[in-house]
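Peer 1: What follows is a single structure, and I will ask about it in a moment.
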């Protein structure tokens, strides 16, 4: 694995899941990361991603340097050819090239503005790091995707599943703010790679990017969608069609005990942080059906498996270089 | 020791002091903390507590992850049953449970608002972590107590004392701001456990919570209280009676050379940060009598002793589990 | 080396450069820093200095504790005898003495205000740490100097130079903000110690402190200065004469391809962050002549060489103490 910025960087999902679960059972393997440094750069706040990735790196023996872009460091310019006379003191070209000398892997979190679809879909921050960094880049959630979360989700479903082909429903929920589509996008993409019966349910106007949902059924009737569900992934996102807008706060979409009853005693998932009694009701989150804590715990092993793969690729490249 | 959130978590104070002083003389013991992670969560600023606890953990071989709540991460909701439609994105239930999967010990700093006595005494932040975390919790100063500081104070007095039963005076001092009672509370509590002649002196209206001071004499005449003192712990706090208010800035309470002359050549203590020439005069802080730097240095060993105890308890529980 | 707060702390520049380049080629030497802690205190933002110094310390086996002064901790009072009734909660006397107990080396970044020449030249923050800390102090860029950058610059010139006595030009450039003179000051000072033909070129009104430039030719005609240059160090600084002011934004001083043509195919240097198309044009930064990334990479080895020297001095002093 050369980078992990999108799900297509995974060549063998099943093998990666198996490896993550082995790492979960296993003891730390402090050799492969020894003397290597992970640099984590946050343009936005983070709890799980920050701590689980830091922990994963340390379990591999790596050193970790964490930086809040903007407050700890300089504001970055991403535009090519800019005359830099604004408040942006450093160009991404230099920042990425310099970080590549201090870090063996660079991990970046950069949310979308949700103002301009084209701009967000250009993934300027992440792609600029990919372009100008000379070391592997890991996506800690970008404008349109969150592949570390998606891998965690796949691991959790694999770990909990007891069926041949479980039914997995991604179910929209109301929220007071406008949120990115990155988590549902990546979840949809990874479910399409798994042996599951996957459907999405959301109100009209909330259909995700059809280039991502592809052939996945999108059902606007939540009752119908939840029927026989073995896993329900509850999540809010802002409209993709009326880009970045909140069209409704319809509480009938809140995942309640009543909704749970419509399923096949489903396991309930969420990437966290979750707004209680807006997105999922207390009675569900505090029930046996909720697996959100276990899911968050798996973040460590997803990150560990990905970082391990990247470090192994580097070792392989070095060996190839020597033998050439 | 299962947690260290209040002084009653100490079963054997004398033994803990002795152990801390052994750690102070000794070399790092990097085995017990190996592969273990301390997560430190700050809702308020910190210098000594942050660095000494981080250092203590590393001296035990632990990894440390530090986070500023609010700026690095999400705002937390503490109310049970809340409909989360405000700016608080994550409930403590999830935050504490998730952190428990990434950390082997969670340490939390959360000051009081000093607006509402009942709310502050509920110790919502600390107690919520204790309630919802599945790993031990350490108090890095909470609304009403600072047990790591108190242990440091006890260690310092034990280390410096040359008498059978020294006289220790906790002496109020003026300050431009309104400060919590957490440090004097915990100091009073730990002095009550030591073989010392302990008195508190403060202006009228500044008596601490009588449930904490108990039988400790509270003397409103500073001249009288300081007589024969071997140790004077100088500290400002806001009124407990007129809760959270500043009633006076009377400079005669500033601990000056003149005040020092009233004592038995006392050692002068303060938890730091100290407002020079408001709380303690330059002439005292810069004299041989001041032990505030040595006291701050002991913070490391107090934290180290506490973390070591907690790790040992975990080992013991694991062993018991295996043999059961 | 007892401290590294100014260039005069270097006794043997050539030997230090050689050692840094050996560290660059070499493998980590994790023994000398084992069990030692570097404390880094930032009063201003930092990217390269923060990460390269952290990395350097870890390559020596040290633990690193990083703190943003002001946001993570308390505001510091630096005035002697102050009655501390403002928003500054802690005096540097205590802060430096306490940090000295938690850290084996303290590194500090504190920029000038550029309002008052005398105040900035007093180097209050750095000198207060030197005065009150009981451990070595390292300058991570102060009001008037940046000796870690200067050492990096010397290393880079030494590494790239192919001539007996290369011509090195420090060339002023326009910038939208008013910047300190610390980088050009330290660069001038270290060039004066090297076997190079060193000249400075800047517009009238921008002459650096004559006590620093000493006998170095200061040429106001950029055309003339750049002739035959083997290395050009491009950098903006605010006026020293009309202290802290921006007198011009004259774009003819921007280092463009045309300017590069006036040199002897010079290597182009900058400390970064660099404002593209203000300070240096894209066409130069993206050309083979630019060595700014290599230069930034050398920051690690400059810091590593300095920290190693300081740790060695400590070992030596301990040995001397034992044998005395």
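Glycine too: its Cβ is placed from the backbone N, Cα and C atoms.
Please treat TrEMBL annotations as automatic predictions, because they have not gone through curation.
Relevant sequence annotations retrieved from TrEMBL are reproduced here:
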- B:9-159: domain 'Aspartate/ornithine carbamoyltransferase carbamoyl-P binding' (DOMAIN)
- B:46, B:47, B:48, B:49, B:74, B:109, B:146, B:147, B:148, B:149, B:271, B:272, B:299: carbamoyl phosphate binding site (BINDING)
- B:141, B:175, B:235, B:275: N(2)-succinyl-L-ornithine binding site (BINDING)
- B:182-308: domain 'Aspartate/ornithine carbamoyltransferase Asp/Orn-binding' (DOMAIN)
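Quick one: where do these features end up spatially?
Peer 2: Look at residue B:299 (carbamoyl phosphate binding site): DSSP puts it in a helix. For residue B:299 (carbamoyl phosphate binding site), other Cβ atoms within 10 Å of its Cβ number 28.
Over all protein chains present, the Cβ of residue B:141 (N(2)-succinyl-L-ornithine binding site) has 26 other Cβ atoms lying within 10 Å.
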Peer 1: Take the C-alpha atoms of residue B:146 (carbamoyl phosphate binding site) and residue B:235 (N(2)-succinyl-L-ornithine binding site) and report the distance between them in angstrom, rounded.
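Peer 2: Cα-Cα distance, residue B:146 (carbamoyl phosphate binding site) to residue B:235 (N(2)-succinyl-L-ornithine binding site): 13 Å.
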Peer 1: Closest to residue B:74 (carbamoyl phosphate binding site): which of the binding-site residues B:141, B:175, B:235, B:275, going by Cα position?
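Peer 2: That would be B:141, nearest by Cα distance.
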Peer 1: Against chain C, with Cβ pairs under 8 Å, which of the binding-site residues B:46, B:48, B:148 show up? Give them in sequence order, please.
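Peer 2: From B:46, B:48, B:148, flagged as close to C: B:46, B:48.
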Peer 1: Could you tell me how many residues in the domain 'Aspartate/ornithine carbamoyltransferase Asp/Orn-binding' (B:182-308) are helical, how many are strand and how many are coil under DSSP?
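Peer 2: Going through the domain 'Aspartate/ornithine carbamoyltransferase Asp/Orn-binding' (B:182-308) residue by residue, I get 48 helix, 19 strand, 60 coil.
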Peer 1: Under 8 Å Cβ-Cβ to chain A, which of the binding-site residues B:141, B:146, B:148, B:271, B:275, B:299?
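Peer 2: Going by the Cβ criterion (under 8 Å to chain A), the binding-site residues yield none at all.
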Peer 1: Based on Cα coordinates, which of the following binding-site residues are within 10 Å of residue B:235 (N(2)-succinyl-L-ornithine binding site): B:46, B:48, B:148, B:271, B:299?
Peer 2: B:271
Peer 1: What is the maximum Cα to Cα distance, in Å and rounded to a whole number, among the residues B:46, B:47, B:48, B:49, B:74, B:109, B:146, B:147, B:148, B:149, B:271, B:272, B:299 annotated as binding carbamoyl phosphate?
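Peer 2: If we measure all Cα pairs in B:46, B:47, B:48, B:49, B:74, B:109, B:146, B:147, B:148, B:149, B:271, B:272, B:299, the largest is 30 Å.
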Peer 1: Specify the secondary structure state of residue B:74 (carbamoyl phosphate binding site) as given by DSSP, simplified to three classes.
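Peer 2: The residue in question, residue B:74 (carbamoyl phosphate binding site), is coil (DSSP, three-state).
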Peer 1: Express the distance between the Cα positions of residue B:175 (N(2)-succinyl-L-ornithine binding site) and residue B:271 (carbamoyl phosphate binding site) as a whole number of Å.
Peer 2: 14
Peer 1: Cα-Cα separation of residue B:271 (carbamoyl phosphate binding site) and residue B:141 (N(2)-succinyl-L-ornithine binding site), in Å?
Peer 2: 12
